[in-house]
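Copied from TrEMBL, the annotated features are:
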DOMAIN    159-309  domain '3-oxo-5-alpha-steroid 4-dehydrogenase C-terminal'
TRANSMEM  94-114  transmembrane segment
TRANSMEM  126-143  transmembrane segment
TRANSMEM  164-183  transmembrane segment
TRANSMEM  198-217  transmembrane segment
TRANSMEM  229-250  transmembrane segment
TRANSMEM  262-280  transmembrane segment
Amino acid sequence: MKVTVVSRSGREVIKGGLELRDSATVADLQKAIHKRTRKFYPSRQRLTLPLPPGAKERPVVLSYKKNLKDYCDGNSDNLTVVFKDLGPQVSYRTLFFCEYLGPLVLYPVFYYFPVYEFFGYKGERVIHPVQTYALYYWCFHYFKRIMETFFVHRFSHATSPLSNVFRNCSYYWTFGSLIAYYVNHPRYTPVNDLQMKIGFGFGLVCQLANFYCHILLRSLRRPGGNAGYQIPSGFLFNIVTCANYTTEIYQWLGFNVATQTVTGYIFLVVATSIMTNWALAKHRRLKKLFDGKDGRPRYPRRWVILPPFL
Ligand SMILES: NC(=O)c1ccc[n+]([C@@H]2O[C@H](COP(=O)([O-])OP(=O)(O)OC[C@H]3O[C@@H](n4cnc5c(N)ncnc54)[C@H](OP(=O)(O)O)[C@@H]3O)[C@@H](O)[C@H]2O)c1
């Protein structure tokens, strides 16, 4: 069959098009495009079906697993696809690893090394127990996230644009350094013992609950199987759609109750607003996928992220 590959402006990306077997899949087409262009490896390519002029709806994105014939009109042997370069890509694991490695490494620097001398604070620095527990708590959190990235999460997308590495690292590395700076500061004033124990104790329970939520999400996809979405259930998922975000938010609340810094609370507010936006989108997607029509189950009534408010 003949495949014509055009850009969004209608210009031919591969001069003369490509000849492929009738049984070829979208993945085969992507490989053929890569062979001809050299630069555009498969995960950089986004292939869609052309839209009629003036159409407002979103174009159909070609799934790499499907046969090209599935996208042809009737018995036609010709197919036109629209090519978009997604830019350089990195794997999701690389992206997550880079974002979490920064806070994991930078935080202990402020605890162990005499960095405050560079900021004009000379003399002996007294380390309070809360600062030591905060270090353990922080490192445990980011170590757990890295382990989950490699051994728990089953991502639906193989790659993410390289530019996200710079954006996400700026976010995590900057907040990580600022929080570490203030919590380990020589002039830091610790909270009372009871508040510290309540904060860290509550936070730790939430971290363990968050880990369990990730195990439950993992069980929704089989290894190498369909990367689609299922209705999460069990434990806190019976009450709230994004229980993993709920527990993530509460574990940061626990850290902040114990350490009490303005930067820590700002991070909590920013992280909560980011996760709330994502949770609203995930909740909408599950309600749309599981609409109770044509034999599909109906998505149960649940809070989105922070019961009893949202
Ligand atoms: N502090 C912060 O600012 C912040 C921000 C975001 C996240 N986090 C932490 O990082 C963790 C991971 O974040 P994330 O945004 O990647 O989490 P996520 O998308 O909610 O879920 C983690 C994994 O489970 C999969 N999954 C989610 N819902 C599913 C469903 N209904 N059916 C099948 N699989 C499903 C996801 O697949 P997909 O690959 O398809 O998404 C992903 O691989 C969070 O849980 C949270 O602890 C922290």
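Yeah, the Cβs are placed from backbone N, Cα and C, and that goes for glycine too.
Please treat TrEMBL annotations as automatic predictions, because they have not gone through curation.
Residues of the same chain lying 6 or more positions beyond the ends of the transmembrane segment (229-250) and with a Cβ under 8 Å from any Cβ of it are 156, 202-203, 206-207, 209-210, 212-214, 216-217, 220-221, 268, 271-272, 275-276, 278-279, 282-283, 285-286, 289-290, 297, 299-300, 302-307.
When Cβ-Cβ distances under 8 Å to the transmembrane segment (198-217) are tallied for each of 94-114, 126-143, 164-183, 262-280, the top count falls to 126-143. Proximity of distant same-chain residues to the transmembrane segment (262-280), defined by a Cβ-Cβ separation under 8 Å and at least 6 residues beyond the stretch ends, is recorded for 175, 178-179, 181-183, 241-242, 245, 248-249, 252-253, 255-256, 304-306, 310. Here the transmembrane segment (94-114) has long-range neighbours at 125, 127, 131-132, 135, 138-139, 142-143, 145-146, 149-150, 153, 160, 164-165, 168-169, 171-173, 175-177, 179-181, 183-184, meaning same-chain residues at least 6 beyond its ends whose C-beta is under 8 angstroms from one of its own.
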